[in-house]
Amino acid sequence: MTALASEEATSKRGVGFNADATLGLLLVSPIVITMAALVFYPMGRTVWDSLHRVNPMQAGTPFIGLENYSRMLSDGQLATTWSNTLTYVVLAVVAETVFGVLAAALINQIKVGRQWVLAAVILPWALPGVVNSVIWLWIYQPGAGLLNGILSALGLPFENHVWFNDRTSAIVAVTIVHVWRMMPLTIVIVLAAMQSIPAHLYEAARIDGATRVQMFGWVTLPLVRSAIAVAMTNATVNAFNLFDEAWVLAGASLETRPVLVQIYLETFQNLRFSYGMALSVVITLVSLLISLVYVLRVYRNTRFDS
């Protein structure tokens, strides 16, 4: 009797498990289908078309293999745009990480009205990139721009300064707008990690005579390291996807052109669709590779308690 009861219970558990698994698959199937239709299929089609010659003015899409990818090696404009993109990435990631962590630490000290401060901080990130860029385009205006007006009022010779006259100042100006728009995400991620740190750790450090700076370096930073890595991953991917700021502020100028603007020009102005798709595949792989480095670093430094 005992054996029969055990077998019956096992059978019921198996049936229950199968029913739960089926229900789970049914529940997730809409999002899986949506992801497949909106993400995975376009990605696969992009890779496929990058291996063919796609021209809307010509019939057929002949297979050309890696011709589009090999062409990148001799594309002088692409080399410049990659240099610009990597410059944007380095400047943006460093600025967003340093200033984002410091801003999160300052906001974490606010006890009254923190929600209003956060609302003001998040506003640039919530606005569309084009809107942010147009606002800063007015700020950078040579004649009546706010920035030149402030600098001139301080006695500096910036009354009619043109910020996009040379490559260095133009790239810095575009990067400032991008950082201003994306840094709120870093602040929110790091601030959430800071607020999860137990208060007794700071009390113990204070009893040991640690100053605020020492507590920040010995307690806060080590415990939010994983959150900083996540924020840096987001900052890196967002910097590789920089388009709105460069296009609105500097147009198609080669001196400030990132890879995404180059992809747009190749695809929709030069009508070299397959070459533009190949560029998209490459920049996606580079972004994924760099993000994977961050993720693996976080995983290696994370302890999983049983």
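Heads up, the Cβ atoms here are built off N, Cα and C, so glycines get one too.
Lifted from TrEMBL, the feature list:
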- 21-41: transmembrane segment (TRANSMEM)
- 82-294: domain 'ABC transmembrane type-1' (DOMAIN)
- 86-107: transmembrane segment (TRANSMEM)
- 116-139: transmembrane segment (TRANSMEM)
- 170-194: transmembrane segment (TRANSMEM)
- 215-237: transmembrane segment (TRANSMEM)
- 273-296: transmembrane segment (TRANSMEM)
Sequence-distant residues near the transmembrane segment (273-296) by C-beta distance (under 8 Å, 6 or more away from its ends) are 43, 46-47, 49-56, 61, 64, 68-69, 71-72, 78, 85, 229-230, 232-233, 236-237, 240-241, 259-260, 262-264, 266-267
When counting C-beta pairs under 8 angstroms to the transmembrane segment (116-139), the leading stretch of 21-41, 86-107, 170-194, 215-237 is 170-194
_Check the transmembrane segment (215-237) against the transmembrane segment (21-41) for contact, please; criterion is three or more CB pairs under 8 Å, pairs 6 or more apart in sequence._
no
